[in-house]
Amino acid sequence: MKTLLLTLVVVTIVCLDLGYTRRCFNHPSSQPQTNKSCPPGENSCYNKQWRDHRGTIIERGCGCPTVKPGIKLTCCQSEDCNN
């Protein structure tokens, strides 16, 4: 009985992937690639692009923010998908 219970606990942990956090790129357009672990419950990454006097600006991070008109936003839900 103990073996069965232990097996069920292990299977549950493996299937639920407890403690898993999404990883997203967070480097600005002109910087080397970096990524970070998102807060628990944050399951998406974003890539936000716009143009100003410096050229095309790219911002990356966790979540899927609301943006103003004229800003291109791409949201995705896999590891490091926002490059």
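Placed from the backbone N, Cα and C atoms, the Cβ positions cover glycine too.
Positions annotated as signal peptide by Swiss-Prot: 1-21.
Sequence annotations record features per position, and here Swiss-Prot assigns disulfide bond to Cys24-Cys45 (among others) based on similarity to another entry. Sequence-distant contacts of Cys24 (disulfide bond), defined as residues of its own chain at least six apart whose C-beta falls under 8 angstroms from its C-beta, comprise Asn35, Lys36, Cys38, Cys45, Tyr46, Arg60, Gly61, Cys62, Asp80, Cys81, Asn82. In the three-state DSSP reading, Cys24 (disulfide bond) counts as strand.
The secondary structure of Cys38 (disulfide bond), as reduced to three states from DSSP, is coil rather than helix or strand. Per Swiss-Prot, disulfide bond is recorded for Cys38-Cys62 (among others).
Per Swiss-Prot, the feature disulfide bond maps to Cys64-Cys75 (among others). Its own atom aside, the Cβ of Cys75 (disulfide bond) has 14 Cβ atoms within 10 angstroms in the protein chains shown.
Using a 10 Å Cβ-Cβ cutoff, Cys76 (disulfide bond) registers 15 neighbours. According to its DSSP assignment, Cys76 (disulfide bond) is in a strand. The disulfide bond annotation in Swiss-Prot covers Cys76-Cys81 (among others) and is backed by similarity to another entry.
Candidate disulfide-bonded residues: Cys45, Cys62. Fewest other C-beta atoms within 10 angstroms, Cys62. Packing around Cys38 (disulfide bond) is summarised by its Cβ count: 18 other Cβ atoms lie within 10 angstroms of its Cβ, all protein chains included. Around the Cβ of Cys81 (disulfide bond), 17 further Cβ atoms fall within 10 Å across all displayed protein chains.
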